[in-house]
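K.L.:
This structure is in structure tokens; I'll ask about it shortly.
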Amino acid sequence: MGKRETNGDKRQRKRSNTPAMEQTRPVSCAGAVAASTSVRAALSWSLTSKLLCFGLRTLIARRYGPAVVAFSDAYLGLLFAIALWPAREVVRRVVLQRPHLAQRQHWLWCNILWCIGTAFVFIRYINWSVSMLSFRRSKVAYIIVGIGATLDASLGEWLHLQCLLHGDSAALAGRAQADGLAALAQNIVALWIAQKTGDDALGMSLGWFAQSLVGIAVLARAWRRCTKRRLPTEKPKRSQKAGSSSWRLWAHAALQAVFKFFASDAENLFFVLSNRLSIEEVGAYKLAGNLASLVLRYFFLPLEESVYIVAARLQETESRASFGEAFVFTLEARLCAVLIASLLACVGPTYVPVFLQVVYGKRWVLAASPKDALVAQLLTWYLRSLIAPALLGTIEAFATTAILPRLPSRILVLHASVSAFISMGFVMGARWAVVVVGSPLLLIANNAVTMLLRAELAAAMIRYAFRTDRHLHNFRMPSAFWPATNVLLVTAVWAMVSHYMVSWVVARGLDVLAMTTLIGWTLVTSLIWASVAWRAHGSVIKRVLWSRPHSAHT
């Protein structure tokens, strides 16, 4: 009898525990689904806003020419980046690791003073290089952008940190919406003010100011509507060791921020300080770079994100097959990127003269031949250099997510040292190309070489991990996936025929018959290329598009 009661008690306890587990799992799954839905919505909104911004920036470039593009992107963009540098790169890193610092006010005042000092330096010392632009209100433009940066560094950064620390997935999605809406507001206001007042500098500066205001407004709305979660209010015990670790944390964050600033804004800094490049050359380089970045955002970035997702799912396992699946999927994603890059590198330059005249007008093509214009040469070499980011993105994503956490500390130190050496070489190469030689083409070559070195470093880390890790050393490394020969042959034929057709269209002055013939030829050839590529790599493309890793052979 007692045994039956005991079994009944066990069954009763099992029944009482089962609903709790069943109630817990759907809640966690629902939270994960909601978070992933918010991330997908934020990513789609970000891509849509970037496409709309590209259309607006095209109108600005077509109407106002290279000087306005250079002034907005290089000069005002550099002022905005330097003003927000401590808030976004130093304070944010430290506060995210020490959340109790978010309630202190002294870092807000430090950000405000830094923004004011940066604007004063630009007003006092950078005005001489802007005088060649014939802008009468360059100082007023610096003041307006400085005020917007001050608001963004204080109120905007406070809202940003609150969303990161206390907000839910809706607040995180609101941050992406804030970036997209702010960029849209910048271009709309810049185009509208410049057209209404006829003052290009005023329009560009008010566009940057509108970007700050709209970003703050959207962040405030997301912060008010989200479900806030409270963090522990206990402060860490103060000690001499804790104080020294805090100083090390601040120093490490500042050092990382310096490296990131030079990696992202070194070109603009050297453009402002150099007197060997004309403002038209700077504007042509910025336009070509913006066009090339669209390829990175819309084609290469989704492939990198898929590799991040697959590698993050498999990095906790110790199975050789699981890591093999992730690595083979990485090579397949790289194959898709190389297919796109090879097509754009071979066929894209032939269409550059027609594209520039149709989209941006003859203001940008002032040479005797459209293909000899500076912006045409820069865009051509940018397209040819897309092979470098195609080789870098997916390999570096796999190495960062799945390989580096498994490496010993001495190899991580070596990796960090080589990365710092490559970054220093990039900065020195950019300075030599802009300040010493004054050649934008060398700047493009410097970017490509840096990406290739980073890709080789990531590949070396992957080879080391598969060779030395006790769980992976028996894995048979697959051969690299490259485009098939017939795909490359069709690409070469397309490029050669298109070269003669584009020359014929330009010689006829882009009349209706010539443009119709070129469009028809492009559509037919693109369908042929797509069918050949699908026959050769259709299974790989399907696996990459639906994120299904292929089983690795061990």
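The first residue you see is number 1, and the count goes up from there.
A Cβ is built for glycine as well, from the same backbone N, Cα and C atoms used for every other residue.
Computed from a predicted structure; not experimentally measured.
As annotated in TrEMBL:
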type	residues	note
COMPBIAS	1-10	compositional bias 'Basic and acidic residues'
REGION	1-25	region 'Disordered'
TRANSMEM	65-85	transmembrane segment
TRANSMEM	106-126	transmembrane segment
TRANSMEM	201-220	transmembrane segment
TRANSMEM	335-361	transmembrane segment
TRANSMEM	381-404	transmembrane segment
TRANSMEM	411-434	transmembrane segment
TRANSMEM	440-466	transmembrane segment
TRANSMEM	512-534	transmembrane segment
K.L.:
As a test: from 106-126, 381-404, 411-434, 440-466, 512-534, pick the stretch that has the greatest number of Cβ pairs under 8 Å with the transmembrane segment (335-361).
P.N.:
381-404
K.L.:
Quick one: do the transmembrane segment (440-466) and the transmembrane segment (381-404) reach 3+ CB pairs under 8 Å, ignoring pairs fewer than 6 apart in sequence?
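P.N.:
The transmembrane segment (381-404) and the transmembrane segment (440-466): touching, yes.
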K.L.:
Using a Cβ cut-off of under 8 Å, list the residues of the same chain at least 6 residues beyond the transmembrane segment (411-434) that approach it.
P.N.:
259, 262-263, 266-267, 270-271, 274, 276-277, 404, 440, 442-443, 445-447, 449-450, 453-454, 457, 461, 464
K.L.:
Could you tell me what the rest of the chain brings near the transmembrane segment (106-126), counting residues at least six beyond its ends with Cβ under 8 Å?
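P.N.:
Here the qualifying positions are 75, 79, 82-87, 91, 95, 139, 142-143, 145-147, 149-150, 153-154, 157-158, 272.
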